[in-house]
Amino acid sequence: MENDTWENESSASNHSIDETIVEIPGKYQTMEMIFIATVTGSLSLVTVVGNILVMLSIKVNRQLQTVNNYFLFSLACADLIIGVFSMNLYSLYIIKGYWPLGPIVCDLWLALDYVVSNASVMNLLIISLERXFCVTKPLTYPARRTTKMAGLMIAAAWLLSFELWAPAILFWQFIVGQRTVPSGECYIQFLSNPAVTFGTAIAAFYLPVVIMTILYIHISLASRSRVRRHCPETRQEKKKPISSMKSLLIKQTKNIPKQDAGDKVVEKKNGVSNGKIEKSMTNLQTAEEKETSNESSSASLSHNPPEKQPLSEASSGVVLAPTQSMPPLPAKANTASKWSKIKIVTKQTGNECVTAIEIVPECAIPLPEQANNRPVNVARKFASIARNQVRKKRQMAAREKKVTRTIFAILLAFIITWTPYNVMVLINTFCQTCIPETIWYIGYWLCYVNSTINPACYALCNATFKKTFKHLLMCQYKSIGTAR
């Protein structure tokens with residue numbers, strides 16, 4: 001009888017415990033859980049799709065296969081892992097109110113989460129360092145900036161992140177001899193010490209942010225300096241006379257046939273001989289050829305002295321305007337030699353650089369018609385040279401501006417999304433009850449949202465990425481190679 005009574009009481013007690021466990025209300029109501037699941041699931045989906053688009057764009061579009069974009073590819077890999085695993089597991093943890101998957105999955109999730117997050121920070125740091133070397137050492141660093149070197153740097157970032165976090169997270173309980181994380185909870189055991197938490201926050205976030213901010217300021221200043229060097233003329237310098245022009249002398253003799261001027265031009269800074277300007281440039285195109293860019297240069301041919309010859313300025317297009325032609329003379333003038341002066345000056349109109357070319361014959365003795373055409377041909381070639389130089393300088397400036405803008409957007413997004421959580425970590429070190437649990441969840445999730453924002457940064461700051469995204473989403477695969 002006593003045994004029956006004890007068994008009945010025991011079974012009733014067990015039944016009440018079971019009912020208590022089952023009937024414990026969750027932290028959120030049903031509609032709240034649906035809302036949380038919808039929002040977090042949508043963010044996870046957008047993160048996965050966006051970073052897959054980034055990786056596919058770099059893979060299929062050769063124009064995006066640059067060293068700098070390989071670092072973005074590595075960053076997209078980290079963001080993709082966060083979107084697939086970290087976001088969804090943390091959402092499950094929030095909705096359930098406890099960790100339902102056991103300690104092994106907990107440790108694996110934490111190891112993956114912290115390794116990938118730290119790899120993202122390391123990739124951002126590498127991007128900043130690599131860009132700083134490009135703008136501060138433009139002559140020496142590009143020679144070492146190879147795909148192999150980029151691969152080694154990316155591998156180092158991932159290996160270092162793995163070594164810093166994975167062993168400590170997975171094996172700390174064996175090092176100290178016990179697992180102190182309660183059942184139903186999931187956090188890193190060695191971070192239960194506030195001092196350790198404070199130190200890791202400084203090393204993993206604040207120190208990299210300070211370094212990247214300093215590097216970006218340095219990159220921005222160096223890029224602006226390089227762009228200004230392409231258009232060094234200031235407003236005060238514009239008022240200076242034409243004496244600031246660069247001059248080249250071309251000697252014209254009767255021994256040089258007309259067709260030679262149109263075949264090959266070899267240019268040299270120091271001087272000229274036999275009407276050929278020496279420089280490592282051959283088979284130049286004439287000024288009549290159509291150009292796809294809007295670079296500007298102008299040329300004029302006149303008998304006027306240099307100080308009286310006006311320079312034609314243009315903000316776009318190429319203008320080649322011989323203002324005056326020289327009449328032919330008797331054949332005895334063929335034996336005469338003439339020195340012509342070609343002047344090249346770069347002017348700045350607003351934010352644009354304009355290159356003007358002026359050819360001025362120094363002597364008053366005119367030449368026959370055959371020799372008369374030679375300055376025009378040379379002017380055309382110099383117009384083409386100047387046009388190409390302006391185009392290359394503008395393209396380089398545009399590329400630098402694009403890369404710098406992309407880096408700025410990525411760093412800004414990183415700082416905005418990661419700062420709230422890391423500020424709360426520091427506050428929690430001194431006051432463990434000051435931060436509400438919901439604010440913790442939001443702050444931690446903001447770190448994940450950074451992986452969602454990064455692909456948008458690439459598209460907004462890089463037109464090629466944007467067009468490639470569009471072609472991929474619309475299945476216009478044949479147009480991907482032409483996206484510019």
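Including glycine, each Cβ sits where the backbone N, Cα and C put it.
Feature annotation from Swiss-Prot assigns compositional bias 'Basic and acidic residues' to 260-270.
Under the heading disulfide bond, Swiss-Prot lists CYS106-CYS186. In the three-state DSSP scheme, CYS106 (disulfide bond) is classed as helix.
What Swiss-Prot records for ASN3 (among others) is N-linked glycosylation site, and it gives sequence analysis as the kind of evidence.
Taken from Swiss-Prot, the feature N-linked glycosylation site applies to ASN8 (among others).
The N-linked glycosylation site annotation in Swiss-Prot covers ASN14 (among others) and rests on sequence analysis.
Annotated region 'Disordered' per Swiss-Prot: 255-316, in sequence order.
Annotation comment: Swiss-Prot describes 1-32 (among others) as topological domain 'Extracellular'.
Among the features that Swiss-Prot reports, topological domain 'Cytoplasmic' is placed at 56-69 (among others). Listed by sequence, the residues of this chain that lie at least six past the ends of the topological domain 'Cytoplasmic' (56-69) yet keep a Cβ under 8 A from its Cβ atoms are 76, 127, 130-131, 145-147, 149-150, 403, 464-465, 468-469, 472, 477, 480-481, 483-484.
Annotation comment: Swiss-Prot describes 91-107 (among others) as topological domain 'Extracellular'. Beyond its flanks by at least six residues, the topological domain 'Extracellular' (91-107) meets 26-28, 33, 36-37, 40-41, 44, 169-170, 179, 181, 183-186, 441 of its own chain at Cβ-Cβ distances under 8 Å.
When Cβ-Cβ distances below 8 Å are used as the criterion, the topological domain 'Cytoplasmic' (130-149) is approached by residues 67-68, 70-71, 215, 218-219, 222-223, 226, 400, 403-404, 407 of the same chain, each at least six residues removed from its ends. For 130-149 (among others), the entry in Swiss-Prot reads topological domain 'Cytoplasmic'.
Over the topological domain 'Extracellular' (173-194) the predicted model carries a mean pLDDT of 90. Feature annotation from Swiss-Prot assigns topological domain 'Extracellular' to 173-194 (among others); the stated evidence is similarity to another entry.
What Swiss-Prot records for 218-406 (among others) is topological domain 'Cytoplasmic', and it gives similarity to another entry as the kind of evidence.
Swiss-Prot lists 428-441 (among others) with the feature topological domain 'Extracellular'.
For the topological domain 'Cytoplasmic' (462-484), the DSSP counts in helix, strand and coil order read 17 helix, 0 strand, 6 coil. As annotated by Swiss-Prot, topological domain 'Cytoplasmic' applies to 462-484 (among others), with the evidence given as similarity to another entry.
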Other CB atoms within 10 A, centred on CYS186 (disulfide bond) = 20
What is the number of residues in the topological domain 'Cytoplasmic' (56-69) that are helix, strand and coil, as DSSP sees it?
-> 11 helix, 0 strand, 3 coil
Same-chain Cβ contacts of the topological domain 'Extracellular' (428-441) under 8 Å, 6 or more residues past its ends?
-> 94, 194-195, 197-198
Based on DSSP, name the secondary structure state of CYS186 (disulfide bond): helix, strand or coil.
-> coil
Going along the chain, which residues at least six beyond the ends of the topological domain 'Extracellular' (173-194) come within the CB cut-off of under 8 Å?
-> 93, 98-100, 103, 106, 109-110, 114, 200, 428-430, 432
